[in-house]
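Please read the structure below before turning to the comments.
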Amino acid sequence: MDQSARYADLSLKEEDLIKGGRHILVAYKMKPKSGYGYLEAAAHFAAESSTGTNVEVSTTDDFTKGVDALVYYIDEASEDMRIAYPLELFDRNVTDGRFMLVSFLTLAIGNNQGMGDIEHAKMIDFYVPERCIQMFDGPATDISNLWRILGRPVVNGGYIAGTIIKPKLGLRPEPFAKAAYQFWLGGDFIKNDEPQGNQVFCPLKKVLPLVYDAMKRAQDDTGQAKLFSMNITADDHYEMCARADYALEVFGPDADKLAFLVDGYVGGPGMVTTARRQYPGQYLHYHRAGHGAVTSPSAKRGYTAFVLAKMSRLQGASGIHVGTMGYGKMEGEGDDKIIAYMIERDECQGPVYFQKWYGMKPTTPIISGGMNALRLPGFFENLGHGNVINTAGGGSYGHIDSPAAGAISLRQSYECWKQGADPIEFAKEHKEFARAFESFPKDADKLFPGWREKLGVHK
């Protein structure tokens with residue numbers, strides 16, 4: 001059934017829709033299956049994403065038609081399709097009337113992903129009007145809170161050197177805490193790897209007090225504050241809260257140094273919102289494990305990593321992993337810096353839409369996945385700043401001297417870039433950074449040809 005007469009209006013102007021402030025606008029890359037017209041398929045897509053079904057129904061009235069989602073722009077050659085969703089379509093909380101992300105996902109990326117006349121459709125951007133921004137939680141804390149704890153300026157406080165305890169699984173409580181202490185002697189921030197929680201060989205209630213003791217000893221030894229991001233991911237709301245409450249009890253007077261990590265993609269928006277609302281005083285660390293199933297450029301359905309990050313800010317993530325923009329081991333490109341810009345700035349041009357955040361707190365870009373001191377200068381140069389958290393597991397524990405030396409090499413790498421220094425020349429005066437060349441020789445050979453001769457290192 002051709003529904004284009006009802007669910008498409010190509011006379012609508014995007015600037016008028018934005019000015020009106022009554023719609024969420026969503027841009028997709030959509031291709032219909034062979035034999036289906038582009039506008040017909042697009043209209044069916046909008047119908048399935050809002051008020052429609054596959055036949056006319058007698059219960060439809062004029063009000064229903066007033067909240068139809070409308071296709072307002074198509075370009076078949078580029079596969080561009082844009083749809084305007086009236087705000088009235090979206091579910092609101094009974095308790096406080098606020099928007100919920102699950103409703104946005106249910107409509108804008110729900111049944112339309114399995115339609116028989118659609119070859120593929122992927123969300124690449126969305127626009128949220130001011131009223132909608134006001135109705136989402138947004139972050140309660142941001143990187144400025146961490147800078148304050150670390151004794152830094154709360155504006156442009158700079159790079160936070162972090163790690164992931166490695167190996168990701170298999171360490172028992174004492175070795176785990178020892179690994180944390182070794183890194184904290186040189187670094188700032190440690191996170192649980194996403195599978196780490198309450199394994200039988202490393203029970204949470206045994207390992208966490210040891211981690212806190214390691215933090216206190218490292219703080220005493222260095223005179224510097226330390227940060228720990230604990231995984232509270234669980235299937236059940238009460239289990240999440242039980243883990244979080246126990247951690248707050250253990251850390252006691254140092255609870256401000258405790259962040260809560262949630263696997264927001266596999267756990268879903270409900271997990272993120274639970275952490276945001278139950279623990280607004282803690283830094284909310286959004287890990288995105290599994291996201292590549294839909295965000296990968298090779299996937300033609302779902303949504304992009306940009307969309308995921310933008311949604312995380314609405315939900316209230318204090319920080320989210322954004323990959324390494326082609327400088328680490330994970331899939332990505334240098335142009336992915338737009339992801340960081342969108343979540344950290346108060347206004348930003350996305351792939352399609354210019355988004356204003358109207359004072360909503362920023363979400364920190366968290367950089368992770370194959371990074372080390374040699375790769376960081378190029379990363380910072382591409383991004384244009386160093387106000388990020390970097391969790392370098394192998395880049396710390398793979399350092400030839402020690403995890404502490406690995407952490408120091410990361411800090412030195414940031415200082416090298418900040419000073420605009422030549423990395424080889426900088427290494428001659430900074431031992432830990434210099435030893436990173438020997439620790440990661442394949443990267444050194446690729447990034448800095450001739451480094452062995454210049455640094456006096458031989459095979």
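Every residue, even glycine, has its Cβ placed from backbone N, Cα and C.
From a predicted model like this one, the values you see are computed outputs, not experimental measurements.
Features of the protein shown, as given by Swiss-Prot:
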BINDING   N111, K168, R288, H321, S368  substrate binding site
ACT_SITE  K166  active site, proton acceptor
MOD_RES   K191  N6-carboxylysine
BINDING   K191, D193, E194  Mg(2+) binding site
ACT_SITE  H287  active site, proton acceptor
SITE      K329  site 'Transition state stabilizer'
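Sequence-ordered, the extra residues of this chain that approach the Mg(2+) site, with Cβ no more than 8 Å from the Cβ center of K191, D193, E194, are I164, I165, K168, N192, P195, Q196, S229, N231, L261, H287, T391. For R288 (substrate binding site), the Cβ neighbour count at a 10 Å cut-off comes to 22, with all displayed protein chains included.
Cα separation, S368 (substrate binding site) to E194 (Mg(2+) binding site), rounded: 12 Å. Using a 10 angstroms CA-CA radius around K166 (active site, proton acceptor), the binding-site residues that qualify from N111, D193, R288, H321 are D193.
Checking each of the binding-site residues N111, R288, H321 against E194 (Mg(2+) binding site) by C-alpha distance, the shortest gap belongs to R288. Of K168, K191, D193, H321, all annotated as recorded positions, the residue with the shortest Cα distance to H287 (active site, proton acceptor) is H321. According to DSSP, S368 (substrate binding site) sits within a strand segment.
Comment: substrate site residues N111, K168, R288, H321, S368; largest CA to CA distance 36 Å, whole number.
K168 (substrate binding site) carries neither a helix nor a strand DSSP state and counts as coil. The Cβ neighbour count for H321 (substrate binding site), using a 10 Å radius over every protein chain in view, is 28. Counting only the Cα atoms, the space from D193 (Mg(2+) binding site) to N111 (substrate binding site) is about 33 angstrom. A strand conformation is recorded for H321 (substrate binding site) in the three-state DSSP classification. Spacing of N111 (substrate binding site) relative to K191 (N6-carboxylysine) is 36 Å (Cα to Cα, whole number). Here the Cα atom of the residue listed as 'N6-carboxylysine' is found 11 Å from that of K168 (substrate binding site).
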